[in-house]
Each structure stands twice: as C-alpha cells, then as structure tokens.
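Report on one structure; see the data block that follows.
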Amino acid sequence: MLLLGGLRSAIPRWKNQNYIRYFTNVLFVSQGIVFLLQLEHSLNTYRVDLPVKMWEIMKFATWFSAAMKMFLSALLHERITVVRQFIISDRVNSGDKVFDDYEYHKFNRYVRLMIALLSGFIVVDSVLLAVPNSSMQNAFLLPPQLKRTGKIISGIIHCFAVNFLSFGVHPRFFSNLTCAATLLLGVRAKLRMLTHRFTKLIALSDLSSDNYFDCMSRELREVLLQQTEYWRFLGILKRLIAEVFVLVHYFSILSIGAFFFITTDTGISFMSAAITSAAAYLLLEYYLLCRLVDSLQEEADAMVSVIFELCARMPYSSEHHSKYIEFRTSFMIIWINARRGMLMNCFGLFEISTLAFVGLLNTAYTVLAFLISVG
C-alpha cells in the first residue's frame, strides 16, 4: 500500500520498486493538476449550481488530503519504523511461546484481511471507473484549458485522471489508515502478552510464603522491566496517532456532510452510489481508529482485573512484611498506570474514542443541514 502511495515500503527491495513509485507519483500529481483546473473553471462559471461547485471543491480537497496523508506518513516514517520494530521484537512477551505465537497469528491475520479488503476496493473501483458511464463522464469533464490540447492528448489526460484514479489517490488515502490500524493492533497484541504474564503470577499464591516472595520478586522485576519498555513505545504511538487522527478528524468533519449534500443533486445513479461510498469510507475510517483505541483501554481494564486479583490473593507474612508492602505498592502503581495510561487525545482538543465518533455524526449532520439551507 505504501509502495502504491509513492513511498518506500518495508518489504524487501526489488528492482522495479522505484519505477512503480515514480509512476504513481507522476499519476498523482497529474490528477491534482486536472482537479485544480476543474475547480478553477467551476468557481469562475456563475451558471454552475452549488452542488456541482461543491463536487469540484471536494474532488480537489480529497486529493489534497491524500497528499497531506502521504506527506505525514513520510514525516512520521522514523517513528512508525521504531514502533513496528518493537511490535515484531521479543522485548515484551508473556513467557508463554504458544500464547505469543497465537497473538502474533491473530495480529497478522487482521492486518492481512484489512490490506486485502482495501486492495480489493481499489481493484473493484478501477474496474467500475473503466466502464463507460454518462454520470461519471459528466463528473470528470476536462476543463477548457485541457480540451484545447487536442483529442488524443485530452483523451490520455482524461484516462489518467479518471481510469487511473484508484491507483493515484486511493492508495495514499488508504495507506494512512492501514499504517495506524496496524500499529494499534500490534500494540494491543503486546498488551495482551503483558496481561497474560500477570495472569501467570496468580498461580504463585499456591506456594508457601518463602517460595512465593522469592519467586514473585524475580518475576515482578522482569514484568516491571517489560512494562516500562511497553509504556515507552506506547508514548511514541500516542503522539503518532494524535498527528494522524487530527487530519482524519477535520477532513471528515468538512467532507461527510458535503458528500451527502452532493448526492441530493445527482439523484439515483452510479455517481451518487460512488459518492455515498466515499462518505461511508470516511465514517468507517474514523470509527475503526476510535474503536481500536477503545480496545486498548479494554485490554488495560482486563489487566487491572488481573492485578486486583493478584493483590487479593497475595499471602501475608510478618517475616516478609517489607516485601509484601513493596509488592502491593508496585501493583498499585501498575494499576493506576493501566487505568489512565491508555487514554489518547488529539492534542488536548478531545479524547479519541467512540464518543468522538458520535460527535462526528452530529457535526456531519449540521454541515449537511447548513449546505441544504444555503443551496
């Protein structure tokens, strides 16, 4: 997905990789020029209705958003690589290889499924754009500046702008979601491993007092080291997600209501279905990121329950009173961090959660109502 988006991917190098990147970058830039000229022509034509002008604005805005997403991916590449290496490393593990392998298997399965669905959408969209359609031709009419280039040249430009749209704009738009969701899924898998390591400590309560405190001292030291490592990379991920989400948030606020407003003028057609699917994708992207952040908090709550049980089942011995207090204090610190440490916010503006998604729906409806009243 990153390769189609014009960036170097994490997969092993192969000799034709650069040619694909160059082609998609040229394709993307040419589409942006076409959309900008179409927008300029629409805004300077007074007879054009508001929905048509909104369509031209949204076409260029979508292209610009895709460009910003890929610029952001390039800017965050180093931090993305750091978190990705942490996910595939063995720095945080449950101590149970079977459990860890199962979590990695689920993680890889979810990521492959997500990439397959998005890649399938690109292929299907490319096929649909290639089918002759009057509504699609009207929506992507070349501006007068490009029509003057001649029938052959203008036909090639139209082919690049419409038929190859899925290979220019879509990969850049999707790669941002793919990257953020992959990192969130990976960090969630690591948190489950950490929770499983805490769960194994519960079995130590069946030992005698001397053996319990000796074994717990060794195990807790290892757990604390791994948890410290986890929180360090979680902090990097939080800043990364905030920077990704702020672009998703504001573009969705401005675009979803506008897309639905445009469909009021197109009627029931292939074009209206395509525009509605674009709005649905923005909603899905926003909800998926919010849901993955919420799932991290749910895993943290599961860890809190395990820590509570550890404290409840910890045997007391007057001979090991200092260790007893030390262990309970350590568990309480872990408990507090797990309860509060998973919260993610968008530069302090709001918390990233499904409640933010509900707010987005309300804002999108407000934008739609405003455009209808103006139109």
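Keep in mind that glycine also has a Cβ here, set from the backbone N, Cα and C atoms.
All TrEMBL annotations are machine predictions without curation.
Feature annotations, reproduced from TrEMBL:
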type	residues	note
TRANSMEM	20-39	transmembrane segment
TRANSMEM	60-77	transmembrane segment
TRANSMEM	110-131	transmembrane segment
TRANSMEM	152-167	transmembrane segment
TRANSMEM	240-262	transmembrane segment
TRANSMEM	268-289	transmembrane segment
TRANSMEM	349-372	transmembrane segment
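Of the Cβ pairs linking the transmembrane segment (60-77) with the transmembrane segment (240-262) and spaced 6 or more residues apart, 3 or more are under 8 Å, so the two regions touch. The highest tally of CB pairs under 8 A with the transmembrane segment (268-289), across 20-39, 110-131, 240-262, 349-372, is held by 240-262.
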